[in-house]
Amino acid sequence: MATTPALYGTAVSTSFLRTQPMPMSVTTTKAFSNGFLGLKTSLKRGDLAVAMASYKVKLVTPDGTQEFECPSDVYILDHAEEVGIDLPYSCRAGSCSSCAGKVVGGEVDQSDGSFLDDEQIEAGFVLTCVAYPTSDVVIETHKEEDLTA
C-alpha cells in the first residue's frame, strides 16, 4: 500500500486513486462567454462564472420615470447613480431617511437597513441605499416627508 506523509506525521493512502487519465473536455464557448440563459457576462478564458439575477427597476421621480436593470447584489441607489440617475441620499447606510421611497410594485430586500420600523416597511417604504431588488420593482422616490409625517 502506497502512503504519502502528510502534515503532523499522519499517513494518507492513495492506492484507491485512479492512475490513468480520464477523458474529459472543459471549454469556454463563445455563447457562454457572451451570455448564458439570458444573463449578461464578461467572461474571459479561465474566469469563474457566477450567475446572478438582474431585475428591472422603475423609479418614479418628481422629474419623471426612469427605468434600468439592476443586479440583485447591488443596492438600488448605487446602481441608479451608475446609470446617471440622481437620487437623494445622506448616510448611505440605512440609518436615516434621506433616500426614502415607496414600493408600489414588486419586492426588495432591505435587511441591511436599521432606520425603518416594521410598520413603515409593511406600508411599502424603502431606503434605496440599502435595498436590493428581489423582483422587478416600481419605486416612488423622494418620500422622506411622507415617511416622517
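Every residue gets a Cβ built from N, Cα and C, even glycine.
Remember, predicted model here, so these are calculated numbers, not experimental data.
In the three-state DSSP reading, CYS129 ([2Fe-2S] cluster binding site) counts as helix. Look at Swiss-Prot and you will find CYS91, CYS96, CYS99, CYS129 tagged as [2Fe-2S] cluster binding site, backed by sequence analysis.
Per Swiss-Prot, the feature domain '2Fe-2S ferredoxin-type' maps to 55-145. Applying DSSP to the domain '2Fe-2S ferredoxin-type' (55-145) sorts its residues as follows: 17 helix, 32 strand, 42 coil.
Residues or ranges marked as transit peptide by Swiss-Prot on the basis of experimental evidence: 1-52.
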Cβ-Cβ distance under 8 Å to CYS99 ([2Fe-2S] cluster binding site), same chain, at least six residues away: LEU77, LEU87, PRO88, TYR89, SER90, LEU127, THR128, CYS129, GLU144
Which listed residue (CYS96, CYS129) has most other Cβ within 10 Å, given these are binding-site residues: CYS129
Residues near CYS91 ([2Fe-2S] cluster binding site) in space but at least six apart in sequence (CB under 8 A): SER98, CYS129
